[in-house]
Amino acid sequence: MKMGPGKKAPEEVNVLIEIPMGSNIKYEYDEEEEVVKVDRVLYTSMVYPFNYGFVPGTLEEDGDPIDVLVITSYPILPGTAIEARPIGMLYMRDEEGEDAKIIAVPKDKIDPSYSNVRDIIDLPEAVKNKIMHFFEHYKELEPGKWVKVSGWGSANEAKARISGAIKRASGK
């Protein structure tokens, strides 16, 4: 993939959307084939509360790019890139280890609806509760899978995490 994390990263990042808001299908980008593929249908009756994807040109310690949930009021098609502003993160672990999620909103030029949201504390509690509830329960019916959510991180924590993942991917 030629797209990187973005010229203004970690303040604004490119997010390649894999799963649109409202979907119960888990899509994943296949880097080798350069296509978004169906990974599986969620075992629960839940749907992704917002658009889900990753920042290209990043590498977490688990070997995957950094995961991002982009909050919008509309679904974004899989395979579409959106420039987003990190506002926080959700700390969590699953059966494979640490698996934090960056929480972001579209950059102001794309959607000014979120211009007043600068940090996770600016999100309404109902939105945070929806996100946390989804990630606490979306794997419940899958054999051998589990999730433990441990809390929220600030925008600064999210940006530091992204910076570390960019350095790791570039080998610096």
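Think of each number as a place in line: the chain as shown, counted from 1.
Just so you know, glycine gets a Cβ as well, placed from its N, Cα and C.
Site annotation for substrate in TrEMBL covers Lys26, Arg40, Tyr138, and the matching candidate from Tyr52, Tyr114 is Tyr52. Site annotation for Mg(2+) 1 in TrEMBL covers Asp62, Asp67, and the matching candidate from Asp30, Asp99 is Asp99. Note: the Cα of Tyr52 (substrate binding site) and the Cα of Asp99 (Mg(2+) 1 binding site) are spaced 14 Å from each other. Using the Cβ center of Asp62, Asp67, Asp99 for Mg(2+) 1, the list of other same-chain residues with Cβ within 8 Å runs, in sequence order, Glu60, Asp64, Ile66, Asp94, Glu96, Gly97, Glu98, Ala100, Lys101. If you draw a 10 Å sphere around the CB of Arg40 (substrate binding site), it holds 11 other CB atoms from the protein chains shown.
In this structure, the C-alpha atom of Lys26 (substrate binding site) lies 16 angstrom from that of Asp99 (Mg(2+) 1 binding site).
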